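If you check TrEMBL, you get these features:
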type     : residues : note
ACT_SITE : 238      : active site, nucleophile
ACT_SITE : 261      : active site, charge relay system
ACT_SITE : 316      : active site, charge relay system
């Protein structure tokens, strides 16, 4: 195991230094993490799993950027993309996630609720570790997909038992093709991958053997009696946000969705009346357009439980790990952080999501103490999207 690197330091507002690192979850559970790959074709699944874990002395912490190939994928995406991406540069690749790699799963006889998480355009499975480990620390199993529709900065699958890797690069809109049709095809594939991820956990819960292609020391069968597959939500950021909305249409077992600064553009208008379940839209102050907000309000007008809130001082990257891993000067240059303190932003996002999930997954965890956030009541949060100062 590589030793942990020294803290990455940057200047704080008082001229001193501050450690640039991902935050620990604030909930009552320790958090474990592992990678799962199912199948030897591009039609399989690849995900990172965050889950409540038991303490273990000397536990390894995984690298935030899991392999050097991902750094080149991010760089290529940042240089070539003309879309409203996750703008993920610069990247401090040596940072580690403060979770226990392949940590011992903490059993739960009543079953942990499940969240399927969809990443944004040009991102991949590790770039939302802060919000996902935070939710896991409060008693959720969170499965972060690495999509194989060419919207990830880079991903791969293993061709056979020998482990030969086939890499899947990011693909921009082909010249001469309308962006809507290209992205619409992708969002449908992404939503179907979310459904397949749910099927994976249903199989595990039913006792089916699910082999992990990756050589991990984590036995998926330990999840069998500890995940409640009747209490499942879908969640995502940007392109993943609209993926979560579409997943509600495709799979009745998803009981609600949490959409972080959703990029609503790729979803066809005909599907909005088909969205059957409530959605929590948590927007940032500078990303959304009036057209996108109108689509969100179309959903809220049909379902009184659908909520739209905006976090003041936030930018599109405030929902990603980038906001914790770049200093203030670099963050402002690259648009990775607004005036909002990253820790405050994570608190607002996670508490609003927890309150919403308790309401619609029938949980009894006391998360309703944050219900006011769902109506845009609280410090640095407002209802709806009153500004629409988009940087698209």
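Cβ coordinates come from backbone N, Cα and C, glycine included.
Automatic prediction, not curation, is the source of TrEMBL annotations.
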Could you tell me the C-alpha distance between residue 316 (active site, charge relay system) and the residue listed as 'active site, nucleophile' in angstrom, no decimals?
8
Using the alpha carbons only, what distance in Å do you get between the residue listed as 'active site, nucleophile' and residue 261 (active site, charge relay system) once rounded?
5
Mind giving me a neighbour count for the residue listed as 'active site, nucleophile'? Other Cβ atoms within 10 Å of its Cβ, every protein chain shown.
27
How many neighbouring Cβ atoms, not counting its own, are there within 10 Å of the Cβ of residue 261 (active site, charge relay system)?
30
